[in-house]
């Protein structure tokens, strides 16, 4: 069977994970096998349930149809001005949506599914173990070897793994995988099984049983080859239930160390268990002693307040209001103000500096507030400011974050940032852009629920000790469905950074954050507010107009902050300007995802020359017709109004 890998008709002979045949006139694709491990058909109209881009509400419909014995999808573009587009099934099983750019003269990658290589159905073949934390991603479990060494060396792992030693039903044993895995489909439950050992014996008696899992309540067994084995961990955003599943694979007795079945091994195992129990008791007693001592000290230190851990939520802490007042010295050192409240510097009892945001105007009840805070507490990433805890006492609410010594980006980026401000080098600015992109990509694509930040601006981008970017202020974020379904919302944002759909009162998606991100990129380049007066004139008060036109004229060095004295990587500068222009396109569908932006900033994906956004293009024509006279002000101060026109 052959698989079409491109629009030129090039074909590669391989065993396909999904066979698709393109009929140019009808835009139909024949579907013969699964695209993804989790890509079952469902919904109305039917589509792959875990591929959001195939939902009819997205940029193109994917209605499913059946014609006799042939099943197929057809699609059509909902946005005609997007021009020619195609869908390509890559050799690794990844579906790519590409758009033709007349300006760039080439195909531009719009999106790809699945995002994770481990989501491709059978990417590591039978008994192959896939993990996105190892390189290469596919590994053979202990007791197994690649079925074809030559193919694996060529990074074609679809043939999978096979046992190093043939099975002998009466003498086989089981090998436990060291890491928890996502369980493959096709299991059957064994009735009347009590305990892990009983589950093992039941599977061992059945010569066709190749693996088993006992989760404490039931015994699940598999027969035949196992496909789509995937290593999981809680911090990957997976289902905690699946992340804790430990699977045992059937292997020959010789693969298991001789000591595993000897009395000596049983004695050692008993000693390990006994040692673990003793250690647990010691830790428990130590915890009790520490707790008693801490309680006595807290009582002696009258007025210091109380701090407790939130049960079942890891390191998230619950502060009473007195503890917050004590930490902030009665809210004496103000760091800044933002959406819904004011931020103060504080110090915890263990001398750890923190930033405390005292919230104002929240209307939800205490139960709802706690639920939302707990949801945000588990969202952790190197480019997000960590939430340490919260206070909810009556109508008094506060959030406690890690303290960032270097403050916010605006202090270092714009003139007049204060004596402690540093002029960021080009390398530091590019690093800030990449850190912002990674943080947003995590919020949009890696969390169990897509989180839209809704208030991306320099004031909400904090810098750590090494000037690394961390996104702050999730007070405005709303959780929406993973499929980017649109949600009508009354959320507010800073006007100077809002996408057009906000201003029109339309529903917003994660692409609103992409638009705001693009505007911040322009400010990283120029070192001034986008609406600040232009020292060089040319395109009025709004810098993105000047930047978009300069990009098409091939002069990007002139856009650079004068304080850098033209010391910048020109290729990186042009790449950043192109990405910024793509991010501020008028239509959401024309803007890239943050995952794609990360790849472009890392140099993994190309960035074509973007068109001038029609809104800015119209402004350019108005300015050109003015003959160099007084210009229209496209965007006014971010905290006031959006558009004013001078007489």
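All positions are counted from 1 along the displayed chain.
The backbone N, Cα and C atoms fix where each Cβ goes, and this holds for glycine too.
Looking at 604-625, 626-647, the range annotated in TrEMBL as region 'Disordered' turns out to be 626-647.
Annotated range for transmembrane segment in TrEMBL, selecting from 243-270, 271-298, 299-326: 271-298. For the domain 'EGF-like' (114-150), the number of residues in each DSSP class (helix H, G, I; strand E, B; coil) is 5 helix, 8 strand, 24 coil. DSSP assigns residue 358 (ATP binding site) to a strand segment in the three-state reduction. Long-range neighbours of residue 358 (ATP binding site) (same chain, six or more residues apart, CB within less than 8 Å of its CB): 324, 331, 341, 342, 343, 344, 397, 398. For the domain 'Protein kinase' (329-604), the mean pLDDT of the prediction comes to 83.
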